[in-house]
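The following features are taken from Swiss-Prot:
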COMPBIAS  782-802  compositional bias 'Low complexity'
COMPBIAS  817-827  compositional bias 'Acidic residues'
CARBOHYD  Asn78  N-linked glycosylation site
CARBOHYD  Asn167  N-linked glycosylation site
CARBOHYD  Asn187  N-linked glycosylation site
CARBOHYD  Asn203  N-linked glycosylation site
CARBOHYD  Asn230  N-linked glycosylation site
CARBOHYD  Asn363  N-linked glycosylation site
CARBOHYD  Asn441  N-linked glycosylation site
CARBOHYD  Asn548  N-linked glycosylation site
CARBOHYD  Asn588  N-linked glycosylation site
CARBOHYD  Asn608  N-linked glycosylation site
CARBOHYD  Asn620  N-linked glycosylation site
CARBOHYD  Asn656  N-linked glycosylation site
REGION    782-831  region 'Disordered'
SIGNAL    1-22  signal peptide
TRANSMEM  831-851  transmembrane segment
Amino acid sequence: MTANKQVRAVLLAALMVFSVFAGSIAFTGTAAAAATSATVSPDTVDKGPSASVDVTVNSGGANDVHVWLDLNDDGYYNASEPNSTDTAAATATLSLSIPESVSAGEYNVSAAESASLTAGTTQQEAYDTLDVVAANPADFNSATHFDDGTPKVEVAFDEAVTVNEMNVTDGETNLSQSVSVSSGQVNVTLSQVYTDDLEVTYNVTDTSGNTATATEDVTFAPIYVANESNNTAYQGSNVAVVASAVDTDVEVEGADDDNNYQFSGSTGPNSQVFVFDTDGKTLDTYQFTVGGAQKAQVDVRDLGLELTVDDLNITTKDGIEGSVSANAGDRTVDIVALDDDGDEVEDTETTVTLNGQGEADFNLSSVDAGEYTIEATDAFTGVTLESDTVTVSKAKDSTGDFASSVINEQVGDVAEITVTLDGTDTGTVTIGDYSLGYSANVTVEDDNDDGEVVLLFNSYAPKKTSSFDVDDSDDEYTVEDITTDIPSGETLDAGDYDLEVATGGEADNVATLVLEDRSTDSVATWTAPTGADLTETEDVYDAIENENLTQTDSLANGDVVVTQVSATGLEGAFDASNFDALSGTQFNLTVEQTNPGPNRDAKVLGINSSSATIIADGDNDTYFIVYDLDDVSASRTDYYDNTSTLYEVEDDDAFNATFTVLEDGDLAEDDESASDEFEVVTPELELDQDEFAVGNAAEQSISGTATVAPGTELTIRVTSDGDTQPRFLKTASVYVQADGTFSSAFDFSEQNLNDTFEVTASVDSGTADDATADGIVGEAMETTTAAETTTTEESTETTTTEESTEEPTETATATEEPTEEATEETTESSTPGFGVVVALVALVAAALLAVRRDN
């Protein structure tokens with residue numbers, strides 16, 4: 001080889017080596033821009049609407065960082081795979097949301113560093129695994145009620161939660177005061193310590209969005225310990241050992257050498273409370289090591305709760321008596337009877353307080369035949385003791401009877417069947433029998449222990465179980481069966497129906513229910529003052545007694561009308577339905593004009609529950625329809641039609657009120673009617689004299705008459721007029737009497753002879769115009785004999801009272817003692833301190849001052 005060729009070969013070899021070296025350098029530079037590691041936290045996640053994990057990625061920092069959940073495990077990014085992107089950084093932490101649609105399983109979380117994330121992007125060296133597990137809402141761990149200075153209930157879950165609802169109740173009332181949440185620990189503060197059984201109802205959501213809803217029992221721990229202070233707990237109660245942090249280890253051991261009790265536990269996740277149950281534990285001092293450092297202890301003692309039942313074999317006529325005692329006095333103990341299933345027997349609960357010696361007696365009400373135990377519970381500690389079995393047998397002499405051997409009622413009414421019970425509180429009543437086409441068996445229970453049950457039987461709807469009821473809400477009834485051939489909706493026929501009462505499965509006594517034919521007896525018209533409040537039966541009868549509701553055939557327009565219907569057999573219909581539903585099907589009340597005038601149809605008033613108040617007094621077979629003439633309208637049609645032209649009731653209209661029980665209904669075979677007529681007059685007041693001449697003495701009468709309803713309150717004013725001096729004003733409140741008159745006595749003893757005045761009478765409520773008259777004061781007539789004086793006093797007592805009556809319903813004859821208001825006379829006077837001369841001097845001085853200023 002020539003020298004030139006050798007040199008050329010060396011140069012070519014050097015060039016090849018340099019090319020390889022340069023390529024290696026270039027390749028190394030490209031590899032630096034890549035994700036090198038990825039870490040997923042947490043590495044397990046529950047499926048849920050808000051599940052997510054954090055992914056920390058180390059990279060070159062030159063490009064954006066991308067992570068994705070490799071659903072198909074192909075090492076590449078697919079467009080449908082969950083992903084997240086962050087800006088370029090050497091270390092980036094990204095939040096990756098896991099959709100609820102992702103199936104449970106193990107997946108790779110892949111990472112890559114590139115300018116963008118597109119389909120086909122390759123997983124680089126960085127990836128980690130993630131377990132997606134099936135949706136699992138937060139689990140309830142515990143709920144403990146204790147008092148560390150603040151009464152509270154700690155509720156612990158197995159993971160962090162958000163509280164949507166958290167209520168602590170005693171079964172009825174929400175006792176929660178406030179709620180605080182720390183991860184999976186929820187503290188509910190209460191206003192006090194509750195010894196009753198508590199429940200917690202919650203609705204919480206975990207971090208994955210899964211919701212848990214439930215109601216759980218609360219454990220009551222009356223003793224709270226957190227240090228080595230002298231803490232005492234009675235055997236059988238719970239002790240709350242409270243740590244300074246959640247999920248803290250707790251070691252328990254007996255202090256005595258002969259007590260080898262040891263236990264290792266913890267407060268549990270998201271709880272600071274370790275509950276130590278002393279039930280069955282040796283009486284000893286127990287020491288707690290909390291978190292390896294915190295020390296606490298409690299002395300477990302015997303409460304010595306004892307329960308004694310006086311007699312373990314009694315009858316249904318006897319109460320359960322006994323006594324309870326303990327080693328500590330002034331304690332509250334709850335006593336209750338338990339049936340053979342261990343359930344509390346209703347109405348047997350009682351609470352006793354132990355005296356200073358720790359003793360108390362109890363007496364529970366009688367119970368049905370069966371086997372029972374008595375449970376005593378110390379209210380504060382929850383220590384419970386149960387008695388031996390108490391056997392209760394049915395008293396042999398228990399009987400049922402009827403208060404009356406014959407019960408009379410009308411078809412359609414409600415029969416009151418009074419059942420008396422002796423030696424038992426239950427009995428079965430049979431009404432009728434198969435031969436009568438109707439038979440019903442109803443069991444009654446005397447829950448108020450008065451020895452009787454009043455069974456109500458609605459003969460208007462005998463086929464329905466709702467046709468039975470009891471008069472006292474404390475008593476109970478059960479319809480066992482009804483056997484009948486009566487078509488639906490029809491009443492029982494008139495006749496005699498056998499009654500039978502049985503206790504213990506055997507018939508004790510019998511009686512007879514006599515259903516008589518019903519009748520439509522009468523209609524009467526009454527009137528009351530404008531605005532009278534008549535809504536209940538008592539209101540009507542009180543108004544009649546006080547003469548504020550009077551029977552009439554003439555009433556003033558604007559006053560209240562009361563139509564009284566007397567008819568038997570309607571009580572059951574009114575109990576089962578209402579006036580509007582019954583009108584047109586069972587009966588009609590028509591108030592029709594009798595004087596419409598020539599070429600005009602009669603007015604028919606629209607009487608219904610909207611325009612009238614219906615008051616049913618079924619016990620007395622009386623029904624009141626109350627309406628105000630100002631509130632009802634009328635149509636000139638055969639029956640009231642609110643779609644036709646409507647008219648008002650006018651003065652001088654006359655009406656006939658007719659109540660008809662319809663033959664097409666269930667209460668009568670033929671139409672039965674009763675009616676009453678009344679006239680509407682102008683509301684007027686009239687004074688008895690055009691000019692009243694009174695004496696200058698007391699007890700001078702002012703009187704008049706009125707067409708408005710008796711009981712209407714009037715105001716009478718006596719006002720001085722003309723040149724009368726001094727001026728005066730006298731007023732009195734009076735009420736229209738049953739005969740349409742009114743009067744009041746006034747005192748004119750301070751007035752002068754020939755003083756003149758004006759009298760005005762006006763209604764306090766209504767449309768009647770005022771009545772006026774003149775008056776003059778004359779010389780008083782002297783009383784010459786004692787007899788005359790006595791007569792005057794009696795007359796005064798019947799016409800006046802010392803004070804006005806605030807409520808007109810108290811008495812229709814009450815009047816108010818007139819009140820006199822003196823009117824001051826008008827007199828002339830000069831301005832104090834100034835005369836004419838002084839005023840002139842002041843004017844001159846002012847003028848001079850003005851001139852001086854001008855100069």
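Each residue, glycine too, has its Cβ placed from N, Cα and C.
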Report task. Look at each of the glycosylation sites, Asn78, Asn588, Asn620, Asn656, and point out the one with the fewest other Cβ atoms around it within 10 Å. Result -> Asn620
Report task. Give the helix, strand or coil assignment DSSP yields for Asn656 (N-linked glycosylation site). Result -> strand
Report task. With Asn203 (N-linked glycosylation site) as the reference Cα, tell me which of the glycosylation sites Asn187, Asn441, Asn656 is the closest one. Result -> Asn187
Report task. Count the Cβ atoms, other than its own, that fall within 10 Å of the Cβ of Asn203 (N-linked glycosylation site), considering every protein chain shown. Result -> 15
Report summary line: Using a 10 Å radius on the Cβ of Asn363 (N-linked glycosylation site), the other Cβ atoms enclosed count 12
Query raised in the report: What is the separation, in Å, between the Cα atoms of Asn78 (N-linked glycosylation site) and Asn187 (N-linked glycosylation site)?
Result: 46
Requested in this report: Among Asn548, Asn608, Asn620, these being the glycosylation sites, pick the one whose CA is nearest to that of Asn167 (N-linked glycosylation site).
Outcome: Asn608
Query - Residues that sit under 8 angstroms from Asn608 (N-linked glycosylation site) by C-beta distance, when 6+ apart in the chain - result: Phe579, Asp580, Ser583
Report task. Work through the glycosylation sites one by one (Asn187, Asn441, Asn588, Asn620, Asn656) and name whichever has its CA nearest to the CA of Asn230 (N-linked glycosylation site). Result -> Asn187
Report task. Select one residue from Asn167, Asn187, Asn230, Asn441, Asn548: among these glycosylation sites, choose the one with the most other Cβ atoms within 10 Å of its Cβ. Result -> Asn548
Query raised in the report: Do you know offhand how many angstrom separate Asn548 (N-linked glycosylation site) and Asn620 (N-linked glycosylation site) by C-alpha?
Result: 21
Requested in this report: With H, G and I counted as helix, E and B as strand and the rest as coil, say where DSSP puts Asn363 (N-linked glycosylation site).
Outcome: strand
